[in-house]
């Protein structure tokens, strides 16, 4: 009975700390109010499934992605004219990047399957790879190329790739895989390499979806192609893409596809011995 009491107290304290860290994110304007609430929900879900080890991976993603989002902010001002995201992450952005990880953690808690641990790590590796690629890639001195035509486009264009951004995506995926290897002794080096591989695959999927189905608008004043529904003080004109398929939807889909493909791969590997 005493041990149960201690466990409950410890868990409660962790929940309080998660909520406090989310609140600090709101105070520092990293998260909006809704984003802080969603971040707390994601953190608690991950703790339920993987305890402090899971929070270590989440912290690595949140910490590094926040750092690179703020890194050389002045140089990214022009890119911000093209993209729809804001400095503060709202609940949709948090769910798009961390929702699959939270679901994987809850599934692991329910079924204790090793596959859900792998899927959890892949989901965060994919989210981190995309964030690093986006935030670091726009700082490249050379213009990126559009993935479908390989013609040069402006930095920040959805569906564009650069050598710097690609290297950053690989690095973002690798650091999550390395953290997973440190936090979870049951993961082998080979499994962590596959986690990194599928994480980077998520980044590639995000780029492809950004080039094909993501919503784009055109400003009728300055003629800039943008993700924003308003620019230069007036509504922008629809140019291409699927309805409701904005950057957040593309992020969620890419993380989902990478995680599901990774899960299927790990199941097949286990089945074939």
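Placed from the backbone N, Cα and C atoms, the Cβ positions cover glycine too.
Just so you know, TrEMBL annotations never went through curation; they're auto-generated.
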Stretch carrying transmembrane segment according to TrEMBL (options 188-209, 210-231):
188-209
Under 8 Å between C-beta atoms and at least six residues away from its ends: which parts of the chain pack against the transmembrane segment (94-111)?
31, 35, 38-39, 41-42, 45-50, 54, 57-58, 61, 65, 117, 119-120, 123-124, 127, 131, 248-249, 251-252, 255-256, 259
Tertiary contacts of the transmembrane segment (160-182), as residues 6+ beyond its ends and Cβ separation under 8 Å:
56-57, 60-61, 64, 121, 124-126, 128-140, 142-147, 153, 189, 192-193, 195-197, 199-200, 202-203, 207, 211
Within-chain partners of the transmembrane segment (12-31) [C-beta distance under 8 Å, separation at least 6 from its ends]:
37, 39-40, 43-44, 47, 52, 55, 66, 87-90, 94
